[in-house]
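Taking it in order: structure first as structure tokens, then the write-up.
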Amino acid sequence: MADQEVAENPPASNENESSGVPDEEGQERPNFNEESTDFQTTIINEQQAEAVPAKPKLQPIIAPDMFPPPIVTCNNPEDYAESYKKNSIKENLILTFVENFRRQYHYIYRDRKPIFLNPLNECGVPKFVCTTIQPTMLSFSPLFQWSSAAEFIADHLNYELIEPAHEIPKTLWSPTKVLADQRGNCFDYSNLLCSLLIGAGYDAYVASGYATREVCYMDTTRLPNPYVKKRHEEHIEGSKTQNKKYTVKPPKDLTSKYDVYMHQRRLDQIQADKDRLQEEENKRIAEIEKPLPDPLFGIRVHSWVLVLAGKREVPEAFFIEPTTGYAKATNDSEYLGIESVWNHQNLWVNMQDCSNGCESLQFDLNDQARWEFMFTYSTNLRGAVTTTLNTLGGSAMLDEEEEKPTVEAAQKDIELPPSWVYPLNITPKDFEKRYPNSRKTYFFKKTRVEKYAPYSMKDGIVLKVAEFADYDFKELIYVTQRYDHRHDKLELREHDVRTNMVYEHYLPGRTDHLKEHTYGFGPEFERIMLYYDKARLDGLERRHETVLELTDYFVNRDDFLEYRKAVFEPRPKKFGPADKDTPRPIISITERYDRNLKLSANDDVRELLYAIKENKFIITYHRDSHHITPSTRTFCKPAGWNDKAFTIQWNEDLQDTYQADEEFKQMSKRDLYYKMIKLIEQEEEVIRRVRKAEDETRDLQSRRQQEDLSSDLEISVYDIDRNDKSKIYRKSLQQKADEEKRKKEIHDVDYLAPFLAAIGNPERINAHQAQQLRVAAQRDFKDRSIRKANLMQARFESEIQELISKQQWYQKHQIGMSKEDELEYQRLCQEAQFRLHILEERLKRHKELATEKYMQLENKLNDDLRLK
């Protein structure tokens, strides 16, 4: 091919031009202002190449020694497939065209850096970058979305820097090698991510260009933490007032407009001062966080992924930083320019001005004025897609005296070879493991993020976010931890170091149905517990405990109870540790009830106060819509009421009633008396429930301590690698299968084999030999049956003799035996009688089965074709 192809080059003026080696002037920021030259074809077909003689002064672009011998960079080349270790004929042809394109590109645009075209793979073989992409759709549903796929690649690999930072790398590993080693540079990241995105249906491309030092170093210490946000208090919106048809007009507003104006003026001045201080603080922080000057600014080589709009309902083009998995806008200031982009079908060279970074770039790859392509795709008459090679600046490099070739002769249809990379594959175990060595650490602005694979840590933690007050990660202020597969259903734990408060969230499935738990440490503790109320029989939704109060909130109860609050007396201060088991004295207990529409408002209790210390009951009923105040009733317990021998004598001083309306029905003295007796009984029950709530809280604390110490993890029954019960079950099944196989092998043994061996294993058996075998088999069966019966009979007689000897010994020493010896003798006799019974049953069963087995042997001998 090199002999048939003629390149149109002017005479070499210096060493670099004649050899095609790029200049060393590319250390400054590349100038993209060079006017683009129209692509013209310069490859001549074989027939015309033979007719047109090459002039001696022209240097051939394709030389026999153009590609150096392979440089082996893999550990063992023999372990790789053939496509990794050498190129096919089509690949060599493509590399020839690519080298032609590269030489002409460098000749026309000498001030631009060389583009990334044919780096070496892991086996030291040059491969075209488009054929290194292997579009693959994996079987994991999360990888079907670009965000999850990018995050997985960023987590799954370890990042390696490009050395030197201002030059394109000389190697590009295959995606299979990158997945196997879990490491790579930015080009390896982009190549692997682009393979997954194209396989998932996205219009994705690998971009090669320049970025800032922070992007190239994967420095995220100036970015805010994107993983976990602090838990905010739920905003309870007030109930919206219903617009009624007839409403009362509001009173006339008599407020002075001047006073309102001056008040608003003062508020605006205060807000302006706050904004000014905040702006000054932001400037100070920005000055602190400002990165140091970069001597290689603008020439640091980097690669990322470009996703264009159209496919998968992508509304507009955007960048994906593969090292972090974040989406970036196409005008992001951290990306300083693009040299080229490519996918698995073609490669495009950027011809636009990047002096302002990527802000003004247009990503219409069909616009030849902005993007020069390497191959042109067309459809022939049969509908097949063909590829036509375009080469740069053919007319510009023609000799003035040489005739320009025609377009028909300059075009040659070629077929881009398929990817040489094997289909990508990630095992479920590797997908679950996710991170190198099952863990990975990131650093953000005042934040350290640690990620763990499921089941890699004993406590089941999968994410830990530590927030600090300083940039040196020394003063810890907030810690967030996420868990998976915990036996105690713990999902999230947040610890505010400054306030020493802890918040925990649980999944459904706990025996106590706990949902959220907020608690603090220290003497003035506070504890808030939220429950899954639908799973609890008592409908408890929330419990709030402080030093002096315990409040329960209920929902959807049959008795309409929605609130219970107990107030305690402060514990007396004593020297030494406090006794937490001693119940706290109760001052009062308040219960509130929702409206029961089956009762009238004057009979439906709204609030019931058990004033235990004051020996009172205060009942407040629901307010009727026609009245301003609700009805109330107060009962006073008489002195000595708690004495069992005391009999309550009713009088008017024991109760006080307020009726909101005189027309309401009055209660009789008898009803009032029984009402107070019932309240006294209810008070005992309510106190018992409050004590039970205190016990539940103490049990929860001790149980949580034990759960944190044990931190058992749940294992699915379908996880055969970790489920010990499943392993034992599968092992038992295997043992049973082996046992059945062994029994079958024993059953398949020829029963006449020992008798045939006695007569020399003849090939043919005559009638006399058949009769001998029949008689020998029957005689052997009878002998074995008799031996077995005699053995059981001997053991039976031996047991009888032993029992008789024990009975004789007992009769001889019966007078002087102790009670323990008599019990021992009885035990021995029972055991002997048990053994005799078993032997007797076995002997009986043997006699019954011997006849049956003998008949089976007769039938088997009669059916055996060898004995007929």
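Cβ coordinates are placed from backbone N, Cα and C, and glycine is handled just like the others.
The coiled coil annotation in TrEMBL covers 260-287 (among others). For the coiled coil (260-287), same-chain residues at least 6 beyond its ends with a Cβ under 8 Å from one of its own Cβ atoms do not exist.
Remote same-chain residues near the coiled coil (676-703) are listed as 512, 514, 517, 527, 529, 543, 545, 550, 552, 564, 566, 580, 583-584, 586, 589, 591, 610, 612, 617, 635, 637, 641, 648, 654-655 (criterion: CB distance under 8 Å, separation of at least six residues from the stretch ends). Sequence annotations record features per position, and here TrEMBL assigns coiled coil to 676-703 (among others).
Here the coiled coil (829-860) has Cβ contacts under 8 Å with residues 751, 777-778, 781-782, 785, 788-789, 792-793, 795-796, 799-800, 802-803, 806-807 of the same chain, all six or more residues outside its ends. Taken from TrEMBL, the feature coiled coil covers 829-860 (among others).
According to TrEMBL, the feature domain 'Transglutaminase-like' maps to 149-213. Confidence across the domain 'Transglutaminase-like' (149-213), taken as the mean pLDDT and rounded to a whole number, stands at 94.
The domain 'CEP76/DRC7 peptidase-like' annotation in TrEMBL covers 302-374.
Look at TrEMBL and you will find 436-716 tagged as domain 'Dynein regulatory complex subunit 7 MORN'.
Residues or ranges marked as domain 'Dynein regulatory complex subunit 7 C-terminal' in TrEMBL: 764-868.
Residues or ranges marked as region 'Disordered' by TrEMBL: 1-39.
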Taking helix as H, G and I and strand as E and B in DSSP, count the residues of the domain 'Dynein regulatory complex subunit 7 C-terminal' (764-868) in helix, strand and coil.
94 helix, 0 strand, 11 coil
